[in-house]
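Trainee: Annotation source TrEMBL lists active site, schiff-base intermediate with acetaldehyde at LYS175. What TrEMBL lists as active site, proton donor/acceptor is LYS211.
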Amino acid sequence: MSAHNRGTELDLSWISKIQVNHPAVLRRAEQIQARRTVKKEWQAAWLLKAVTFIDLTTLSGDDTSSNIQRLCYKAKYPIREDLLKALNMYDKGITTAAVCVYPARVCDAVKALKAAGCNIPVASVATGFPAGQTHLKTRLEEIRLAVEDGATEIDVVINRSLVLTGQWEGSDFIKTSTGKETVNATFPVAIVMLRAIRDFFWKTGNKIGFKPAGGIRSAKDSLAWLSLVKEELGDEWLKPELFRIGASTLLSDIERQIYHHVTGRYAAYHDLPMS
């Protein structure tokens with residue numbers, strides 16, 4: 001992500017004193033998952049809000065310019081026009097927060113978004129995604145090339161060996177996972193990360209963003225994530241500058257749920273062909 005939190009000295013002694021109450025974290029996670037996070041009458045509004053936090057992502061080995069173009073079109077028009085009109089939201093400029101692609105596909109995304117006449121940011125995974133185990137010089141060059149091609153946000157894969165050996169790195173956002181692991185975004189891990197963000201803000205005054213990614217596929221999941229961020233960090237974190245959801249299929253389910261809210265029935269496949 002963009003660099004804006006520079007100049008804060010890293011206090012490793014403070015970090016080394018942190019302890020996690022594991023049973024309490026698990027109880028909190030179970031609480032979030034068990035209860036209804038948003039009242040039924042407000043669900044459509046919250047689902048539309050969730051759309052604005054999505055980094056609409058494709059990170060497949062067979063990505064081509066044509067499916068990047070389709071991704072970008074969906075990012076600009078995430079919900080079918082008639083559904084937005086039924087909710088009186090058609091003219092509110094609802095788009096996803098960004099599109100996220102491999103560095104080699106950044107040019108395709110920039111071109112497609114420019115053709116669509118929108119300024120949705122292009123994010124790119126870089127630095128040896130998903131393992132982060134390439135040489136530092138190679139990783140930095142990958143960032144440079146992605147930015148040169150028009151990426152305005154970079155999802156950096158840290159070299160996790162540095163973390164495991166206590167060599168910490170700073171960032172503007174922290175992300176749960178690459179989305180390519182067996183286990184990705186989980187609520188217990190997210191709770192620890194969100195409280196670290198909160199403690200860091202209290203200590204330094206710097207706001208760090210949060211991005212869960214991987215395995216977030218249902219509209220219900222998205223509402224739980226929004227609720228968790230709201231309760232742990234407050235409304236001021238519920239904006240794309242500080243909260244993103246990395247997802248490739250989540251938007252499809254959100255659109256299906258909004259379709260059901262508007263029409264009273266669930267969509268057939270042909271009703272939402274771009275989902």
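Any Cβ shown, glycine's included, is placed from N, Cα and C.
Tell me what's around each of these sites.
Mentor: Sequence-distant neighbours of LYS175 (active site, schiff-base intermediate with acetaldehyde) (same chain, 6+ apart, CB under 8 A from its CB) are ASP155, PHE210, LYS211, PRO212, ALA213, GLY246.
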Trainee: I'd like the Cβ neighbour count for LYS211 (active site, proton donor/acceptor), meaning other Cβ atoms within 10 Å of its Cβ, all protein chains included.
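Mentor: Around LYS211 (active site, proton donor/acceptor), other Cβ atoms within 10 Å: 23.
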